[in-house]
Amino acid sequence: MRRKIHRAPMAVASALLLGVFATSCSTEDPTDSTSGTDESSETSESPDASEESPADEQEWFDQAVYDEQYEQRSATFEGDSATPWLQYIDGEMTDTAEYKSNKAGKACFANASISNPWRQTGWITMNQQLEALQEKGVISEMETRDAGDDDNTQIADIDYFISEGNCDAFIISPNSTAAMTDAVERACETGKPVVVFDRGVETDCATTFIHPIGGFAWGIDTAEFLIDNLEEGDKVVALRILPGVDVLEQRWAAAEKLFEENGIEAVDFFTGADPTEIKTFITDELNKGEVQGVWMDAGDGAVAAIEAFEDFGADLPVMTGEDEMSFLRKWEETGLTGLAPVYSNFQWRTPLLALEKIWAGEEVPKEWVLPQVPITEDERGDYLEANDGMPDGHYAKFGGEDLPGYPEVWQERQIP
Amino acid sequence: MNGTRATTDPTAGTPEPAAEPQESVRRRRAARPKAERRRLDSTALIYLVLVAVVATSAVLTGVEGRNFFSQGNVWAVLTAMSVLGLIAIGQTLVILVGSLDLSVPYVVSLATVIAAGGMKGLDSNIPAAVVNTLALCAVIGLVMGLLVSLLHVHGFIASLGIGLVVSGYLGTNYQGSHGAAAPDLRLLGRSGIAGWIPTAFIILLVCAVLVTLLLRYTRLGHHVYAIGGNQAVARMSGVRTALPVVAAHVLCSVLAGLAALLLLSRTGVGSPTIGSQGRYDLLSIAAVVLGGTLLAGGKGSVVGTIGGVAIFAVLDNVMGVMQVNPFLKDFVRGLVIVLAVAVYARRSVVRRPPRFGASRPVLPVPSSAGPSTKGERA
Amino acid sequence: MSATTPVSSSASSSASGAGRTLPLTEGSTVQRVLRAAVTPGGAVFILAAILFVAVVSANPSFGEPPQLIRFIGRTAPIAIAAMGQYYVIVSGEFDLSMGAVIATQVVIAGNYIGDDEGRVLPAIVLMLVIGALVGLVNGLGTTLLRVPSFIVTLGTMLALGGLVRFLTGGAATGNPVDTFREIGRGGIQDVPVVEVLPYPVIILVAIMVAGVWLMRSPFGRTIIATGDNPDAAALAGAHVWWVKTRAFMLSSLSATVAGILLVGYAGVHPSVGAGYEFQAITAVVLGGVVLGGGRGWLLSAAAGAFALELLFSFLNFQEVESTWRPTVQGVIIILAVAAAGRAWSLGRRPSRASPPAPPAAPAPSPTTARPGTETGEI
């Protein structure tokens, strides 16, 4: 990405030129003043840019974390592999004797949002897990506030829970890492158990932080698969959703490093997961020349990427998507060489199960690292069969087969 | 927009020389006591709606076993008002003068990263960082104001374009959170009076009072209303139309920068997406219109806007307490916006004097508006 | 070039057609085409042509007919949406609900049709009915309730988007049968020169022809007159509320067609249609259509969409980082609008040379360039 930055001024300049043209061909010369003001706005911003030394992708690459996650991919997980949502890598444990309680408690859940299929699937699973634990008498109720993808709202949500919620425990799925740190610390100060999952925060005050291995592991799995199946000098199109989300940036940071080291040419685009954009970018790339591989930082929209190749009449690429049903189905249908990396959706069960342990006084891992195993072509058939009848936006490793309501609740996407 | 403006503005088409003095009399009267009474009426209506919403919310909150007027809940509602409130005050100014500002989310995001980057977590950096940030916001507002007033680019497009420019800059140069807020600023974000009224809300009130004073008692403020009501007439009456337009845009962007500092005091880090996360562009415009300000400009008040913001905050609060499905929340918001505005819009139209008097004036004012425009440009 | 030629030739014919009421009518066809080309509505065709040349020189394979026709096919949805938005903008209003309408239609296609071939036709009818209904609600809200269209359509956007997601649990179950998707994805095979003639291209051309015919019909004239000056149009006997409501219905129906094509092209996904309203408005504005109403040509709006997509492709081929895209887009639309405002006002000059004339003749023709100035300039 960095290597392309010097082209940015050119883009702006070409835009200006085009605008100048548009103006001059219509009439006289008001452009002088127009482009003047716009340039002034540009220049007024650029000094700040150099002063602040803005972040680039280097900021997201952390060799130590990379190495750790590289190892964790082949680590041994404690617990039964039939219930991966309870497995963890052996490490520091939190003593929870102080939280031991005999009556059912109230959980307060500050959710970042349910604005994408991955979060919707997890949210459904979580509610069914809640139902199971309510029947068991562990949890009396769960109050949820949804921040609608807004940091500010989520901070307010957590503060509201602290002052008004009457909570016996907090579950927090942070909308962003740094911004939520203070609020999570305030929740910790109440002396109640705090469970953080999915994205992390910059404090270790939480009773347990639940997450799959992580973004670097995803990047390593996917990049290694593409490198193994491609030749040096081949071109990979990397489709990314958004800039600035740590979980996603780490996936790309690892993959980009590996591509560079192995002589794979990679171009990356931000698509907002919009299939229209994905198709446009890929078609333009195919227009430029052959594309041998497609890498995605999330499988949402993978089908559109494959269809772009079909529509263009090009050979299907070697591709990594995600364990979303739409990709698994299309993958089987087309028979392309692919891999479905997994950002374990079953982690949405774990926070409630962690509360069960905490209130029982059992120790829980301080950092609860869940398994994160990609689905290979050999296993694909099993997952397709197991999830038959699920909608396209469903995730194969949702891990709710033993919960009440299976499979109707997931099939009908009953969101409370 | 055009339609509303033309049908609701009694002064839109009065070209006849004979109508001219009558017109200016009406304008003058409109600027003084009568306008005040009328504004008070519609503002009173908005606050009646607010009271109704609060009462309903209190009941619904009670059904959930909570107290709407508890310390924590009042704090939550007032906090929720502060950021959107500041942005909406700026938006009120811009809308009053007949423009729009869709760039606020990006200005807010930019302001948080610049401020956080400047502070680097040190108290000693606060003054410089705050001044830099607000100055940058002012420059952005200035560019927009000049585009609108001198190049006659519609405010919708000028602000949409500037917003896109800034968003591209942010997306390219800031990936993820940036910098750190100074400890004192973070303290401010948590402080308040007796645990009931957050400092952020007091800042909002101070800004609201200042802007209200500006609108009511300064020449600039009167010119804002005059230009928003009818730019051509204002210009013919000797008002320099560029200055108020530019001033409104600069103030709007600076207030957005201030809102960004409040956000920063809460989050502790600059974020290149925080403005878009809050959907401040459309929500602030909706709040302003909900507060009784005419979207076409020339009529409205900051007091009304604060009422509109409060309605939103209370609505969100009660939906949060009731754990309404997040998707359904948007449905309710959309419905409330349209229905509430329908109430005011119909009312204000009914209260308007008849558009065409006994002597039907000859149609529009082209020749009067045109040449002066041309003269200014040439 | 083979792509732009038919477009621009049909456009110039419409330009001269629509221009009959403008002082552009005299002279030979060539003269008229030349004169049309220097107006903003004509310049956009030149801009598109230049961009096309730039793209082809950056990447020659883009110019091969099969690639080109595919490009036209994939631009069809946004071009159709832009033409829908045109009706609303030229009548003096905004339609922000387009994206939500597209999202709704996409979900209906996914959930209602599913794997059932027999439901394809009923589904299309259902989608068109829903599209017309949304337009009706928008139109009546704007005209009868007198709520500004910006607010009505913002409300519809929130309410519709929220309701659909609420009812479907966030997302549709999956893609509909391939027969339905063929509309947006397939085409007539084995056509000489271009290999495949995509259905979206055929639909786009059909809609363009229908649109040009519509704009030449009395309804088309009335819509422009209404946008220009609703009071004048009302005095001339037009039912302003019904004209505007029909414009909103046309907009929602266009969004529906765009949605049907997008289901085929992109597949069912919750983010299909996101931001389409602003893309469409940008395209319309780039096409020289004046916000505030009364000015601009239908086909210029479509050409604006093509220019925008060509620009994005150009940036892709130049390997400009995709994060800079919004910045370029922002600069372009500001410049285009500044230039257009300037050009339209210069286009009016001849009629101003004789200022005494207009007041004497009460609004000689509602479509003369003048009355809309008032709002167009803000």
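The first residue you see is number 1, and the count goes up from there.
Cβ coordinates come from backbone N, Cα and C, glycine included.
Where the annotation comes from TrEMBL, it is an automatic prediction and has not been curated.
Some features that TrEMBL has for this protein:
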| type | residues | note |
| --- | --- | --- |
| COMPBIAS | B:1-21 | compositional bias 'Low complexity' |
| COMPBIAS | B:26-36 | compositional bias 'Basic residues' |
| REGION | B:1-36 | region 'Disordered' |
| TRANSMEM | B:44-63 | transmembrane segment |
| TRANSMEM | B:75-97 | transmembrane segment |
| TRANSMEM | B:103-122 | transmembrane segment |
| TRANSMEM | B:129-147 | transmembrane segment |
| TRANSMEM | B:153-172 | transmembrane segment |
| TRANSMEM | B:193-215 | transmembrane segment |
| TRANSMEM | B:242-264 | transmembrane segment |
| TRANSMEM | B:285-315 | transmembrane segment |
| TRANSMEM | B:327-345 | transmembrane segment |
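When Cβ-Cβ distances under 8 Å to the transmembrane segment (B:285-315) are tallied for each of B:44-63, B:103-122, B:193-215, B:327-345, the top count falls to B:44-63. Within the chain, the transmembrane segment (B:129-147) has long-range Cβ neighbours (under 8 A, six or more residues past its boundaries) at 101, 103, 107, 110-111, 114-115, 117-119, 153, 155, 158-159, 161-162, 166, 182, 245-254, 256-258, 260-261.
Of the two recorded stretches, the transmembrane segment (B:193-215) does not lie close to the transmembrane segment (B:327-345), with fewer than three CB pairs under 8 Å once pairs fewer than 6 apart in sequence are set aside.
Between the transmembrane segment (B:242-264) and the transmembrane segment (B:103-122), the number of CB pairs under 8 angstroms, six or more residues apart, is three or more, so the stretches are in contact. With Cβ pairs under 8 Å as the measure, the transmembrane segment (B:327-345) is packed most heavily against B:44-63, out of B:44-63, B:75-97, B:103-122, B:153-172.
Sequence-remote contacts of a segment are chain residues at least 6 beyond its ends whose Cβ falls under 8 Å from one of its Cβ atoms, and for the transmembrane segment (B:153-172) they are 94, 98-107, 109-110, 113, 140, 143-144, 147, 272-273, 276, 281.
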